[in-house]
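Asker: Got a structure here, written out as structure tokens. Questions coming.
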Amino acid sequence: MTRYIFITGGVVSSLGKGLASAALGALLQARGYSVRLRKLDPYLNVDPGTMSPIQHGEVYVTDDGAETDLDLGHYERFTGVPASRADNITTGRIYQEIIQRERRGDYLGGTVQVIPHVTDAIKEFVLSGNLDVDFVLCEIGGTVGDIEGLPFFEAIRQLGNELDRGQTCYIHLTLLPFIPSAGEMKTKPTQHSVKELRSIGIQPDILMCRCDRPIPKDERRKIALFCNVRETAVIQAMDVDTIYDVPNAYHLEGLDDEVLSVFGIKGSKEPNLAKWQTIAHNIREPEGDVTIAIVGKYTGLKDAYKSLSEALVHGGIANKVRVNVKWVESEVFDTEDTAFYLEDVDGILVPGGFGERGSEGKIRAAQFARTRNVPYFGICFGMQMAVIEALRNVGGLEGASSTEFGPTNEPVVGLMTEWMRENELVKRAAHGDLGGTMRLGAYDAMLAEGSRVAQIYGSTVISERHRHRYEVNMTYREQIEAAGLLMSGVSPDGLLPEIIEIPDHPWYIGVQYHPELKSKPFEPHPLFRSFVEAAVEQSRLV
């Protein structure tokens, strides 16, 4: 029997529901159970693909090409279970599907309403494809009381009645603020949040209380009394040094035991958390430090590069060093010297992005890394800027540019209008919609024998996740390689460049895909492991 755990939030957003869900999934896995994690987002966008990274954070891409919420990245990193298109849904997508059904006449002339049509669609999403899974964890985005979230709360309330007794568990994440002037922790926001949840028919089984200090016994007892839960169900969710210590911390608080108790499961084996303890130890007690500059255009919100930041942490774990990230807004190089920002770093990473703003700064960062022999990692847009830089400054092609920035006589980077996916030709109109029209998901690449990337991967055939609509123009291949960049990875049909590298540089690699999306703390991505290793070597030269 599949059991369902619904994770909701109250008081304020950004309390860490995604991390709590991922950590609980990891704890249940460590006890021998199979898990599946899903995210229900109440916003009206069909997916986050066209949303600003500064508003929404990163867009996490799955193997099957879905553009999803960044929380799915936490789910994958903590559990190792690959997410898919079926693990994230939005109000926009539900409404889109319902309206399409209505236009087809599927409702036979009936009035289409939020209840039952929208709530039924949400329930159908939650219950689908779970036959072989012990636990399904569903996180509801936003906070209780948000008007756009009401259909989701109503749907999970109905599921509590429709599923068998003991088949559902409701976990509510709240904030326990400490008021310095009063010298005490306040429980009233939590009480009101639970009151709001109960007013729509949901009684939480477990409360996870986010706090920055231990919860006094009296406050814990008070929360249990006024929120109608057992004292043992008031879980202290304190801040920790690293997110990879969260599974250990929640286990010590008894979260997994309490969840199993809600389901009436007895005699479950103790979780094996050895790998999490090792990871947390390596992060807390590194053998050294390196500094990596991330030269990006969305540095105002670090969540825009969430998977990237975590992949660097994973590379640090593999090399037993702490990776200190120096965030550099690429536009500063339009007016300031790159050396002022980059001369003290051990590696430079230029991540993906869209649009002309900040592009010249990224080109200058690539030039600095190439000429100063500093390890350079260009991802997606970062690879494209590295190619443009080399052709301008080494290849003598001063007009080298991208058609993304406007008309150019030297379209070194251009819009893709067709590509192959699973032996089928995919076409995109040059002036079509932006949403869902990129080259998305996992694609194979063939690596050159003897190349650095082939040595790093230990293979000449790889599969990586993509998210881009512009690509380095293959007609410039001879000029690119004459400028010193080896095209060491291409698509299986040989038509799309995937990887460039400089063979005689300490470490200079650009990739068209997003390797950060497949990195995990217990399985660091080979490129990030190698890049941080190169940064360690660079730090020893200073």
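Keep in mind that glycine also has a Cβ here, set from the backbone N, Cα and C atoms.
Heads up, here are the entries from Swiss-Prot:
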{"type": "REGION", "residues": "1-265", "note": "region 'Amidoligase domain'"}
{"type": "BINDING", "residues": "S13, D146, I147, E148, K186, T187, K188, P189, T190, Q191, K222", "note": "CTP binding site"}
{"type": "BINDING", "residues": "S13, K186, T187, K188, P189, T190, Q191, K222", "note": "UTP binding site"}
{"type": "BINDING", "residues": "S14, L15, G16, K17, G18, L19, D71", "note": "ATP binding site"}
{"type": "BINDING", "residues": "D71, E139", "note": "Mg(2+) binding site"}
{"type": "DOMAIN", "residues": "291-541", "note": "domain 'Glutamine amidotransferase type-1'"}
{"type": "BINDING", "residues": "G353, F381, G382, M383, Q384, E404, R469", "note": "L-glutamine binding site"}
{"type": "ACT_SITE", "residues": "C380", "note": "active site, nucleophile"}
{"type": "ACT_SITE", "residues": "H514", "note": "active site"}
{"type": "ACT_SITE", "residues": "E516", "note": "active site"}
Asker: Over the domain 'Glutamine amidotransferase type-1' (291-541), what does the predicted model average in pLDDT?
Answerer: 90
Asker: Between T187 (UTP binding site) and K222 (CTP binding site), find the distance joining the two CA atoms and give it rounded to the nearest Å.
Answerer: 8
Asker: Measuring Cα to Cα, how far is K188 (CTP binding site) from C380 (active site, nucleophile) in Å?
Answerer: 47
Asker: Could you state the CA-to-CA distance between I147 (CTP binding site) and K17 (ATP binding site) to the nearest Å?
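Answerer: Cα-Cα distance, I147 (CTP binding site) to K17 (ATP binding site): 19 Å.
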Asker: Can you give me the Cα-Cα distance between S14 (ATP binding site) and E139 (Mg(2+) binding site) in Å, rounded to a whole number?
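Answerer: Counting only the Cα atoms, the answer is 13 Å.
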Asker: Looking only at S13, K186, T187, K188, P189, T190, Q191, K222, which the record lists for UTP, tell me the maximum pairwise CA distance in angstrom.
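Answerer: With S13, K186, T187, K188, P189, T190, Q191, K222 as the binding residues for UTP, the largest Cα distance is 24 Å.
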Asker: In the three-state scheme derived from DSSP, which category covers E139 (Mg(2+) binding site)?
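Answerer: The three-state answer is strand.
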Asker: Looking only at S13, T190, Q384, the binding-site residues on record, which one has the least crowded Cβ, with the fewest other Cβ atoms within 10 Å?
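Answerer: With the binding-site residues S13, T190, Q384, fewest surrounding Cβ atoms within 10 Å: S13.
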